[in-house]
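What Swiss-Prot says about this one:
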BINDING   ARG84, LYS88, ASP110, ASP111, VAL112, LEU113, THR114, THR115, GLY116, ASN117, SER118  5-phospho-alpha-D-ribose 1-diphosphate binding site
BINDING   THR114, ARG142  orotate binding site
Amino acid sequence: MKALIDAGVVKFGRFVLSSGIESPFYVDLRRALGHPDLVKWVVSGYLSALSRLKFDVLLGVATGGIPYASILGYLLQKPFGYVRAGAKGYGTMQAVEGADVAGLAAVVVDDVLTTGNSLINAIKAVREAGGEVVGALVFLDREQCGSQNVRRETGVEVFSVYKMRELLETLKPYIGEGHYRAAVEYLAKWSC
């Protein structure tokens, strides 16, 4: 687990998230891509969580979910593709690329879940393309009401490999008491 810190996947300090929320920690799973041993560990976690779901196609959420959905699709020999943040304004003008999802049971894959907005938009895009979303899978749920927001807005259950508090417990020996306490206190402010 120390490798997550060493590779810069998990950082502590002051960060502004894509949602505009300020946070004392940042998790960037894209950084794992430069470390094959970490990719193997991340993919193993995703595979374990996916074993609970029956699906036909995997779709990564742009951009963090794309590499992992691709690897998972390849390993499981399932069709895969990705969901753009918005439909292209040219060519086919599609939001869902890669596999044709019409009539298929899809799992939407992302790296980190905060508010749930990216997943909500991706689920809506898959449905508009004729797919049935049977679940959403993230590596890390930051426990900031994202899974509840997704369920409330779309009816789709979010599965995660890790919850942030679990990850913090595991990382505690490597991050120091100050960072650990700041992160736990920050998470305690979120009531869903």
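Cβ coordinates are placed from backbone N, Cα and C, and glycine is handled just like the others.
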Can you tell me how far the Cα of ARG142 (orotate binding site) sits from the Cα of ASP110 (5-phospho-alpha-D-ribose 1-diphosphate binding site), in Å?
12
Nonlocal neighbours by CB distance (under 8 Å) for GLY116 (5-phospho-alpha-D-ribose 1-diphosphate binding site), same chain, sequence gap 6 or more:
CYS145, GLY146, SER147, GLN148, ASN149, VAL150, GLU153, VAL158
Based on Cβ atoms within 10 Å, give me the single least packed residue among the binding-site residues THR114, SER118.
THR114
Given the binding-site residues ARG84, ARG142, which one is most crowded in terms of C-beta atoms within 10 angstroms?
ARG142
Could you check what DSSP calls ARG142 (orotate binding site) once collapsed to helix, strand or coil?
coil
Same-chain residues six or more away whose CB lies under 8 A from the CB of VAL112 (5-phospho-alpha-D-ribose 1-diphosphate binding site)?
VAL27, LEU29, GLY64, VAL138, PHE139, LEU140, ARG142
Residues with Cβ closer than 8 Å to the Cβ of ASP110 (5-phospho-alpha-D-ribose 1-diphosphate binding site), same chain and 6+ apart in sequence?
GLY60, VAL61, GLY64, GLY65, SER118, LEU119, ALA122, ALA136, LEU137, VAL138, PHE139
